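Look at TrEMBL and you will find 6-26, 38-61, 67-90, 102-124, 136-158, 170-187, 199-219, 231-254, 260-281 tagged as transmembrane segment.
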Amino acid sequence: MANSDSLLMPIAIGIIMLGIGLNLEFDNFKTVFKKPKSMFTGLVGQMIVMPLVAFLVAWIYPLDPIYKVGLVLIAACPGGTASNLVTYILKGNTELSVSLTTINSFIIVFSIPLIVQLALNVFLGKDQPVDVSFSSTAGEVTSTVLLPVLAGMTVNHYKPDLTSKLKEPLRYILPAILLLVFGYVLFFTDKESFGVSEFVQLAVPGLILNIGVMLIAFIGLKRILKSKESIYTIAIEMGLQNSALAIFIATNVIENNQMALIAVVYSSFSFFSTFIIAWFYKSRVTKNDKR
């Protein structure tokens, strides 16, 4: 890829993460101390359970090894404002959702390099497309994710009036940039080797992952948390991933556009599937409570 093309992706991701940061506050960290059980449970679900399920699905489902790594990569990139939006619409625990997004923005600097390296070793071994080191991945995530998020949070803290003015146009700008990222990946993909059958092939394991982790959250958290809102909030956080970040890691760090395709496919349905599953759970729980 040309230098201008290689700069496009990190700039796009940086703008998206800056937008996420503008919706976060440093006060969100207080939730860790106010509701440690919910926070810890949510972080374990996103950072440990989600990748483990992705490894299991990738191990069992017949996929090209490069797509297996891509599936695990999706699981390593926790959701952003999309999960916050779904939680808000379904009247879940929005404070918990936003707090998880805030803390995850810092944790992924260390977790993504570890998970990616493990996935590459497990599924590709000596056939790795590029030598990916922990330091290089951590550096890329820091510069394109952590620093823009911190910048957004800082602006939101010191210039709330400016943030309120930016939020409305960003509602349209960020989705447009996201579409640009998806289009970028598809443009550099061999059109003849990626059609409807290939889409379905990648969508099935993605859907298994999406539904699987949400069911695990619903069933497992009933024994741990009393709040039903917190339960389906954590399930939403596990079901919706930051596909744009996964695409960036695949194309710019691992330098494999093919790997990014599964993230593009996952993003095409995960918002709707996550919303429907969470809505169904909430409706059923609410109905049972009225009996």
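All residue numbers here begin at 1 and follow the chain in the order shown.
In case you wondered, yes, glycine gets a Cβ from its N, Cα and C as well.
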Check for me, if you would, whether the transmembrane segment (136-158) reaches the transmembrane segment (67-90) - at least 3 Cβ pairs under 8 Å, residues 6 or more apart in sequence.
no
Where else in the chain does the transmembrane segment (199-219) make close Cβ contacts, counting only residues six or more beyond its ends and a cut-off under 8 Å?
45, 49-50, 53-54, 57-58, 61, 63, 67, 71, 74-75, 231-232, 234-236, 238-239, 261-262, 265-266, 268-270, 273-274, 277-278, 281
For the transmembrane segment (67-90), I need the partner stretch with the highest count of C-beta pairs below 8 angstroms, choosing only from 6-26, 38-61, 231-254.
231-254
Beyond the flanks of the transmembrane segment (102-124) by at least 6 residues, Cβ under 8 Å:
17, 20-21, 24-25, 28-29, 32, 39, 43, 46-47, 51, 55, 58, 65-66, 68-69, 72-73, 75-78, 132-135, 137-138, 141-142, 145-146, 149, 153, 245, 249, 253-254
Is the transmembrane segment (231-254) packed against any residues at least 6 beyond its ends, judged by a Cβ distance under 8 Å, and which are they?
6, 9-10, 12-13, 16-17, 38, 41-42, 45-46, 49-50, 69-70, 73-80, 82-83, 86-87, 90, 92-94, 96-97, 100-101, 108, 112, 116, 120, 129-130, 132, 136-137, 140-141, 144-145, 178, 181-182, 184-185, 188, 210, 213-214, 216-218, 221-222, 225, 260, 263-264, 266-267, 270-271, 273-274, 277-278, 281-282, 285
For the transmembrane segment (6-26), distant same-chain residues with Cβ under 8 A (at least six beyond the ends):
80-81, 84, 98, 101-102, 105, 140, 143-145, 147-157, 163, 166-167, 170, 173-174, 177-178, 180-181, 184, 244-245, 247-248, 251-252
